[in-house]
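**Q** Before we start, here is the structure in question, set down as structure tokens.
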Amino acid sequence: MEKWSLMSIAVLLGLTVRWAVSLGSYSGAGKPPMYGDYEAQRHWQEITYHLPIRQWYFNTSDNNLLYWGLDYPPLTAYHSLVCAYIARWINPDWIALHTSRGYESQPHKLFMRTTVFVADLLVYIPAVILYCSSLKETSAKKKASTCALCILLYPGLILIDHGHFQYPLSLGFALWGVLCLSHDWDLLGSVAFCLALNYKQMELYHSLPFFCYLLGKCFKKGLKGKGLVLLAKLAGTVVLSFAACWLPFATDLEQIMQVLRRLFPIDRGFDLDKVANIWCSLSVLIKIKNVVSPQTQLKLSFAVTFLSLLPACIKLTVQPSLRGFKFALVSCALSFFLFSFQVHEKSILLVAVPVCLIINEIPFMATWFLLVSTFSMLPLLLRDGLLLPYAVTTPAFLAISLACFSILDKTSAEDLQLKAFSFALKGYVSWFKSFPRIVRSLFLLSLSLMGVLSLLSTAVPPPQSLPDLFPVSVSIVSCLHFLLFLVYFNIVILWDSKNSKSQKKIS
């Protein structure tokens, strides 16, 4: 009872912060002609309700794809349709064809905010609660609650979902997939991840760890016996899940191809809108878009992304373990964010949520990463008028992490899961004994730098000759952090001595 009481308090605090953030503005409020992501979600409800399915992804007189055309998989469209029916029942003006563009009444804002709360309550928050409650490493009752509290108060997801405005369903489904796999419910986990991937194509960031972990389990069970049966069941589950999601579009090949063209607009080339990845950072020195064609950009990004995630995927396939799976989710998603073809600032959440799942194992590095991930979205948050929520939730999250996990005391090589790596370096690196002090100093320096850049971005006008000075600085600083984090997580994965202990359970 005590554990669930503490968990209830964590959930209540999480909901309270979400409600407080939702009281403010949202993406594109009062900014015609496009208005922003809030309007995109509303417009998809308008389109899916009034037009037949065969027109949802095609450019027509009633569906101008240049005005927030659907560019997510079918499950997003079905969700929009469900919301549209409820909206139509409350007030038909909210989704009236053509005339509802830019609709911004207070009742409609309340409705849209409520739909996000419902998505949180039905999908994301239950997954967080059950995941934290099932952690085998947490012997103390309080530990699961503090873990849930930190995950539910992670500012990046709150500011984007309830401030900027989007739904947490894809991340929620992915989290359900991780939860199912942690209980060896592999088929249910596959269904959950298929739902995530069919809600947002960005879940491809997590696809290889899911694939490699399950394939590794099949290998361990033996591909001439139980492993082959499991592999057949998994393949059938994935095919049936995708078939169910795409069934209304499966009658016409052109329908499927048009949806895929909308999901993967290759001709657009690199998206370099102040994103904290390698291509945006390099564009300060080299205008990549002007040097190579979109097709070459695609090949280049694919090659670099593939090479950067290959070590973690090979290790996970050869030595499948739940712990290795969670770390691989982080490493592979970070590789996609840093090197893949088209990336949005919000895509860092696809890395941050898996990091939340290991906050109990490496609280210091997880907290540091989650702070940087929120900071990396600062230009987007400022455009959406979310300065005050950012300034309140980020220090609060740091304070809670300090109080719950005493993160500054968790900087030894063992605490950072680097013990095996430190043994490999013994005798070669003389400063490894002072490693905890160095790490703490770097952390404090990082916090200071992020604080200064946050203040400069909000209080100091940039030079006229360099109008993007502060957003670009935020992107480059964040990118450098992420590159170091990528190296760190790959070291933990490749020198993971605990994997062998969990091999027996899988076998």
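Every residue, even glycine, has its Cβ placed from backbone N, Cα and C.
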**Q** Of the residue ranges 271-289, 442-460, which one carries the transmembrane segment annotation in TrEMBL?
**A** 442-460
**Q** For the transmembrane segment (442-460), give me same-chain residues lying six or more residues beyond its boundaries with a C-beta closer than 8 angstroms to one of its C-beta atoms, as numbers and ranges.
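**A** Those are 364, 368, 371-372, 375, 378-379, 382, 387, 390-391, 398, 408, 411, 470-471, 473-474, 477, 481, in sequence order.
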**Q** When you look at the transmembrane segment (110-132) alongside the transmembrane segment (472-495), do they share 3+ Cβ pairs under 8 Å, ignoring any pair fewer than 6 residues apart in sequence?
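**A** Contact criterion not met.
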**Q** So which of 144-161, 324-341, 348-375, 387-408 is most in touch with the transmembrane segment (110-132), counting Cβ pairs under 8 Å?
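**A** So the stretch in question is 144-161.
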**Q** Using Cβ distances below 8 Å and needing 3 or more such pairs, separated by at least 6 in sequence, tell me whether the transmembrane segment (387-408) contacts the transmembrane segment (173-197).
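**A** No, since the transmembrane segment (387-408) and the transmembrane segment (173-197) share fewer than 3 Cβ pairs closer than 8 Å, they do not count as touching.
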